[in-house]
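*Asks:* Pasting in a structure now, in structure tokens, and then I'll have a few things to ask.
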Amino acid sequence: MIIVTGGAGFIGSNIVRALNKIGYQDILVVDNLEKGAKFVNLVDLKIADYRDKDDFITSVRAKEVLGNIEAIFHLGACSSTMEWDGQFMMKNNYEYSKTLLHFCLKACIPFLYASSAAVYGGRTDCFIEEPQYEKPLNIYGYSKFLFDQYVRKIWPKARAPICGFRYFNVYGPRETHKGSMASVVFHLDKQIKAGKPPQLFLGSEQFKRDFIFVDDVAQINLWCWQNQISGIFNCGTGHAASFQTLADTVVAYHNSKPVQYVDFPENLKGCYQTFTQADITKLRTIGYDKPFKPLDEGVTHYLDWLNHQ
């Protein structure tokens, strides 16, 4: 059995889909369906069972027998960079992850988990997986940063692979439930279909991010699991593109009105990453040599999915 926490979410459900594609169906999805919209991400997938995240971690703490587990992909977390409830964030992202990590260590189960490019904070270069380059700007980034530090201390004692992925700007199918935290592609497409002009923040031609298609993210996860890799790795393409470039692709796809620019929100000043670009040297060094989907192809693929479901 393979366990995917956050398996009804964006990246989690795409990992389940990738596992299905290589023949795995004995999959336990762990998630929180309090907001039920995420169920649509599971409808076309083959899984063995579903458990609520709180019930599942209670079973883990009680040392209940959960069966023969081949791996745990831990995607379950609060991923909102706008959430400032530190107690909630640390309990949900940090403490939950530690409990699951120790369960895997004791049972010698490969543990693959979601970190984030948010650990790098406001820097504009050297996005390298080393402590000296890490300085998060928000409590979400700090929760991921702190767990990465915890993992680094654990590695010398680990008898099974522990692999963390620092996701940059992931976009693609199955993110509808994320609302305001969904990708810019999703929001621009939604605005245009509603008959509204697509909107970007003023200065978006200068705001650049490393955008990676979700299928590429899923493939990196599976490859690292299959090759028993341990480490913390950037999960981006190594190339930055502006939000303006992204918007131009969406506008051209729809042949829509030009972009309308809005003032940059006051509440984001000082806690917003204006530039990210993954250094993927470490990922390539371990042998991952697959190409990444070019941005224009990925955006077009995603728009086709959004408009022809």
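Count begins at 1; order follows the chain as displayed.
The backbone N, Cα and C atoms fix where each Cβ goes, glycine too.
Reproduced below are the annotations present in Swiss-Prot:
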| type | residues | note |
| --- | --- | --- |
| ACT_SITE | Tyr140 | active site, proton acceptor |
| ACT_SITE | Lys178 | active site, proton acceptor |
| BINDING | 10-11, 31-32, Lys38, Lys53, 75-79, Asn92, Lys144, Val170, Lys178 | NADP(+) binding site |
| BINDING | Asn169, Ser180, His187, Phe201, Leu202, Gly203, Ser204, Arg209, Tyr272 | substrate binding site |
*Asks:* Closest to Asn169 (substrate binding site): which of the recorded positions Phe10, Asp31, Tyr140, Lys144, going by Cα position?
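*Replies:* Among Phe10, Asp31, Tyr140, Lys144, Phe10.
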*Asks:* List nothing but the one residue from Phe10, Tyr140, Tyr272 whose Cβ has the fewest other Cβ atoms within 10 Å; the candidates are the recorded positions.
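*Replies:* Taking Phe10, Tyr140, Tyr272 as the recorded positions, the minimal 10 Å Cβ count falls on Tyr272.
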*Asks:* CA-CA, which of the recorded positions Phe10, Asp31, Lys38, Ala77, Tyr140 lies nearest Leu202 (substrate binding site)?
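*Replies:* Checked the recorded positions Phe10, Asp31, Lys38, Ala77, Tyr140; minimum Cα distance to Leu202 (substrate binding site) goes to Tyr140.
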*Asks:* Near Asn169 (substrate binding site), how many other Cβ atoms are within 10 Å of its Cβ?
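*Replies:* If we count other Cβ atoms within 10 Å of Asn169 (substrate binding site), we arrive at 22.
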*Asks:* In sequence order, which same-chain residues at least six apart have a C-beta under 8 angstroms from Leu75 (NADP(+) binding site)?
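*Replies:* Set apart from Leu75 (NADP(+) binding site) by at least 6 residues yet with Cβ under 8 Å, we have Val4, Thr5, Gly6, Gly7, Gly9, Ile11, Gly12, Ile15, Tyr113, Ala114.
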*Asks:* Report the nearest neighbour of Lys144 (NADP(+) binding site) in space among the recorded positions Lys178, His187, Ser204, Tyr272, comparing Cα positions.
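*Replies:* Among Lys178, His187, Ser204, Tyr272, Tyr272.
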*Asks:* Same chain only, sequence gap of 6 or more: which residues have a CB within under 8 Å of the CB of Ser204 (substrate binding site)?
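*Replies:* In sequence order, Ser242, Phe243, Gln244, Ala247, Val259, Tyr261 meet the Cβ cut-off.
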